[in-house]
Amino acid sequence: MYKVFTAEMMRAADEYTIKELGISSEELMRRAGFAIAEEVASVADVEDCILVVCGTGNNGGDGYVCARELLSRGFRVKVYAFGGRLSPDCEREKNKFSGTYASTIEGDIIVDCIFGTGLSRPAEGVYADVINVINSSGAYVVSADIPSGLSGDSGLIHGAAVRADKTVAIGELKAGFVLGSGYDMCGTVVRRDIGIVADGAAAQVYTDEDIALFYPSRLRNSHKGTFGTATLACGSGNYIGAAIMSVAAALRSGCGYVKAVCPEEVRPAIASSCPQAVLQSGFDLTSSAIAFGMGCGVSEEVYGSLCTLLKDYGGTLIIDADGLNCLAEYGLKPLKTAVCSVILTPHVKEFSRISGHSMAQILQNPLGLSKEFASEYGVTLVLKGSGTIITDGARTAINTRGCSAQAKAGSGDMLSGYMCGSVARGLSPFDGAVCAAYTLGAAAELAAGELTEYCVTAADVLAKIPYAVKDIILSGSAF
């Protein structure tokens, strides 16, 4: 497990390190530039032409230190400097640089030292022009701390952003690396510790070894009741597939019983495709966990059933898809008085509907708004996306497993089904959500590895769940 931080957290960490620990900004810049140079040297040949592109802030100052260090190691280095007024630290390091300046952006390796995590405005004008030239240069690109133009908090691209082959994270990893466009822009991420002391974390990122703990060894002396009952309220005449996918995923989760509450017209399809599931006309309130909403449709009747569960059910209730749409249409007030533990699993558009925030606002501040909503309503929120956020307001995780193969119909239905089964077999709402998001992401990666991200369907991901679980368990047993 590792931590990720926001830009404000890193600013505070810098300030604490300088003021309280007595490490000067000059020394931190020296260490940062040295670390960046080491990472550049690790991918460079002695005959390579290295171009360090320096902006006007402290990221640019890191670049001048990096250029000096690479020169001292015998590399062919030039600096491309542009922009307006320099920060004091950047100006100091520029004055120390006595090497060659370039008038054009070209080289075998380009070191991006334009913007750091403090960027608060879009990269426009000459900055966007320089970034676009870097991206089209064909050079191997190393970004200092973060690809210039990428938000360290959200992974959003501010106007234009550098697409790096390698990102050298100074001090700590940034949340923007694993949210939004972070995966697409950062390339390989290497963390370098330069003595900055950061407190807390914006979120935690789980690894195979962590998730393996959610799949403990089972006693031979067990029975169906040992592993809990998952009930899924799902399906309608137009969305029979949603019911099938959610039930099938629950059957793969390791719980003892899977029950399906669905309309009469949906039952034959479930009986045929998932014969292990028990078909019911009403809710079993003794179920360990219930998932509600996958393909149910939006109506006052569906909303009434949801409100009844929120009022009378004592287990964990997972609300997805049309369950969320019913809350958006008829009101969230029942969440405030729920007697059960609640997990909500919206994508950004659904979260916009239930939270009242615009999609743009959510994309700009996904961590903050997710935590705020989870705390206000006392729920575990699973905000699905490139980096899925799981938070109960106190704890926050970002799922890093998965790929674009999951951007297909049925993926969300599977997630809710698997999550329901995971909680039913004994995991807490937060841990069950983390486990489900991670496991299905790993299964999608396996499916894409065989079939490509273009051709994978939700059914292909479903088929890979056992192999993903096996890989996770084996990874955990190695430690």
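Here the Cβ of each residue, glycine as well, is placed from N, Cα and C on the backbone.
The following features are taken from TrEMBL:
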type	residues	note
BINDING	58-62, 116-122, TYR127, ASP145, ALA242, GLY295, HIS347, ASP413	(6S)-NADPHX binding site
BINDING	ASN59, ASP112, SER148	K(+) binding site
BINDING	LYS384, GLY385, SER386, GLY387, THR388, GLY412	AMP binding site
DOMAIN	10-202	domain 'YjeF N-terminal'
DOMAIN	207-472	domain 'YjeF C-terminal'
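Sequence features, as recorded in TrEMBL, placed on the structure.
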{"residue": "ASN59", "record": "K(+) binding site", "CB count, 10 Å": "28"}
{"residue": "GLY61", "record": "(6S)-NADPHX binding site", "CB count, 10 Å": "32"}
{"residue": "ASP112", "record": "K(+) binding site", "CB count, 10 Å": "33"}
{"residue": "THR117", "record": "(6S)-NADPHX binding site", "CB count, 10 Å": "25"}
{"residue": "TYR127", "record": "(6S)-NADPHX binding site", "CB count, 10 Å": "22"}
{"residue": "SER148", "record": "K(+) binding site", "CB count, 10 Å": "27"}
{"residue": "GLY295", "record": "(6S)-NADPHX binding site", "CB count, 10 Å": "25"}
{"residue": "LYS384", "record": "AMP binding site", "CB count, 10 Å": "22"}
{"residue": "GLY387", "record": "AMP binding site", "CB count, 10 Å": "28"}
{"residue": "GLY412", "record": "AMP binding site", "CB count, 10 Å": "25"}
DSSP-derived class (H/G/I helix, E/B strand, else coil) of TYR127 ((6S)-NADPHX binding site): helix
AMP site, defined by LYS384, GLY385, SER386, GLY387, THR388, GLY412: further same-chain residues with Cβ within 8 Å of the Cβ centre: HIS347, LEU383, ILE389, ASN399, GLY402, ALA437
Count of other CB atoms lying within 10 Å of the CB belonging to THR388 (AMP binding site): 28
Maximum Cα-Cα separation (Å), residues LYS384, GLY385, SER386, GLY387, THR388, GLY412 listed as binding AMP: 14
Site with most surrounding Cβ atoms, counting all protein chains shown within 10 Å, from the binding-site residues ASN58, SER120, SER386: ASN58
Remaining residues near the recorded K(+) site, that is with C-beta within 8 Å of the centroid of the site residues ASN59, ASP112, SER148: VAL53, GLY55, GLY60, GLY63, CYS113, ILE114, PHE115, GLY116, SER143, ALA144, ASP145, ILE146, PRO147, GLY149, VAL162
Euclidean distance between Cα atoms of GLY295 ((6S)-NADPHX binding site) and SER386 (AMP binding site), Å: 23
The domain 'YjeF N-terminal' (10-202) [mean pLDDT, rounded to integer]: 97
DSSP three-state assignment for ASN58 ((6S)-NADPHX binding site): helix
Cα-nearest neighbour of GLY61 ((6S)-NADPHX binding site) within the listed binding-site residues, ASP112, GLY385, GLY412: ASP112
